[in-house]
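Asks: My structure is below; once you've seen it, I'll send some questions.
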């Protein structure tokens, strides 16, 4: 079976994973963490990735116990993502492919998440909720495409959580979303926030604007605590996601839900989705932070599927794109 190495670096994580026939041989990762109250700029993130990528590459090979000659294909994230980090990783992947004399494969980041989730959970044909810092989509497979049934019409749910974390100066270590989740567990008072579902789509920018403005007044006056606001924000945005996922399931006649993406690690989201699934007699599938959060193995897995179906990216076509729709990819490896 082919051995594929995957390079991921579309945002603040840089990861390189090696996979063989569904077995993850190695999956080291580094995260660019900024001070509380700050996000990560593309140029700074790319600089971080450049500084560590060769170290991570050596770690991946050492942990797998492999040499370059053992690799059959080099996969990298083509997009979507932040331009400068994507270029950094693509450059290294192209160079490695040429030095090692291996074929190259440009992978859609979103499909990497889906294929890794399918591999780890063994979900058959699930309705997929893909939630991260840059994407929010409800997806189902049909006729060689991952079809988008609903999505955010402005910012992603992870971006909404991250930006609220900056407002109340929550630490970015290990991630702002994780720290909001921990604070939310201590919240007891529900603060009503805008709930914006438009058909199959959702909107988070209005919720963020509202809570950014209200938080200063409510916290300074003692009306509620930061924990209450974290709790209320999670409950509201996750309810919206559960609603559109259930509607997609009903449309598709699906009895499986798979949650992927960095926000998919959130146990409260999994709990709320689990309640909905039990009421419908459906199954919920999710992974932990090893595979939910951006990692190289997910790019290797999608690359492995593509490579087996005969796909290869020629060098002149090995560019990156910040906008790369999930439904723009022909899924040649599924019936």
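Indices start at 1 and increase along the chain as displayed.
Keep in mind that glycine also has a Cβ here, set from the backbone N, Cα and C atoms.
From TrEMBL, here are the annotated features:
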type    : residues                                    : note
DOMAIN  : 29-300                                      : domain 'Gcp-like'
BINDING : 109, 113, 130, 294                          : divalent metal cation binding site
BINDING : 130, 131, 132, 133, 134, 162, 177, 181, 266 : substrate binding site
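For the listed features, I'd like the structural context: burial, neighbours, distances.
Replies: Using a 10 Å Cβ-Cβ cutoff, residue 130 (divalent metal cation binding site) registers 26 neighbours.
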Asks: To the nearest Å, how far is the Cα of residue 132 (substrate binding site) from the Cα of residue 109 (divalent metal cation binding site)?
Replies: 11
Asks: Do any residues at least six apart in sequence from residue 266 (substrate binding site), in the same chain, have a Cβ closer than 8 Å to its Cβ, and if so which, in order?
Replies: 177, 181, 234, 238
Asks: When you measure from the Cβ of residue 109 (divalent metal cation binding site), which residues in the chain that are at least 6 apart have a Cβ under 8 Å away?
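Replies: 8, 10, 77, 78, 79, 80, 81, 294, 299, 324 - these are the non-local Cβ neighbours of residue 109 (divalent metal cation binding site), listed in sequence order.
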Asks: Which whole number is the mean pLDDT over the domain 'Gcp-like' (29-300)?
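Replies: Averaged over the domain 'Gcp-like' (29-300), the predicted model reaches a pLDDT of 97.
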Asks: Hey, what's the Cβ neighbour count for residue 113 (divalent metal cation binding site) at 10 Å?
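Replies: Taking all protein chains shown, residue 113 (divalent metal cation binding site) has 33 Cβ neighbours within 10 Å.
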Asks: Can you list the residues of the same chain, besides 109, 113, 130, 294, whose Cβ falls within 8 Å of the divalent metal cation site's Cβ centroid?
Replies: 10, 110, 112, 114, 132, 135, 260, 261, 262, 298
